[in-house]
């Protein structure tokens, strides 16, 4: 795990050959949906393991079959809330939760519109009660403009959990700048920080639309005729 000196509390995993190989597979246009999902799960599991190294542990006495000794209790690991942004973050969350089996899970449906305004729509939020001792992990594969994450984080600003983290696959400097400007104390962990955004707000070189690549392009539901009130 590498601390990026451009920001406070921003880390990447560019020093991990395993994660870089997995990311390479995700970037390839030839990678199919199921392989893409499995790759996101692997990244989430590895990064979740690395996150445990940043958490507080307490020493505790234990009794083995042979004698008394000293063990550790991962206090913070028991107070984790993982907030998943639909839909691309599901595989990432699946990997993360393998390291935090006691974690509570929140779901947020949020989407970003197209350039130039990149309007954010949030139409579903179901998140457990947050407490001062909680570590909140927001999973979102792509930190592009940062606007979606900012909208999500604003929903929980007043809860004042112990720590707030963002875990993603790729980030653009523009997105990190935007998030850190609004939430300076939020920690960001990503597999790699890419070059920049293109005019359409996509990370380049990037990996495309993570949701579409993980689950397939969405079906275009036709607008239903307006239902009349039958009462």
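Placement of Cβ uses the backbone N, Cα and C atoms for every residue, glycine included.
Noted in Swiss-Prot for the protein shown:
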BINDING   38, 39, 40, 41, 42  GTP binding site
BINDING   87, 112, 140, 141, 142, 143, 144, 145, 146, 147, 148, 209  5-phospho-alpha-D-ribose 1-diphosphate binding site
BINDING   203, 208, 209, 210  uracil binding site
For residue 140 (5-phospho-alpha-D-ribose 1-diphosphate binding site), the three-state class that DSSP assigns: coil
Subset of binding-site residues (140, 142, 146, 148, 208) lying within 10 A of residue 42 (GTP binding site), CA to CA, in sequence order: none
Rounded Cα-Cα span from residue 210 (uracil binding site) to residue 38 (GTP binding site), Å: 13
Residue 148 (5-phospho-alpha-D-ribose 1-diphosphate binding site) CB neighbourhood, other CB atoms within 10 A: 23
Assigned element (helix, strand, coil) containing residue 146 (5-phospho-alpha-D-ribose 1-diphosphate binding site), judged by DSSP: coil
For residue 208 (uracil binding site), the one of 40, 41, 140, 142, 146 that lies nearest, given that the binding-site residues are compared by Cα: 142
Residue 142 (5-phospho-alpha-D-ribose 1-diphosphate binding site) as reference: those binding-site residues from 39, 40, 203, 209, 210 with C-alpha within 10 Å of it: 203, 209, 210
Chain-internal residues near residue 146 (5-phospho-alpha-D-ribose 1-diphosphate binding site), provided their CB is under 8 angstroms and they sit 6+ positions away: 174, 175, 176, 177, 178, 179
Pairwise Cα distance for residue 209 (uracil binding site)/residue 87 (5-phospho-alpha-D-ribose 1-diphosphate binding site) [Å, integer]: 11
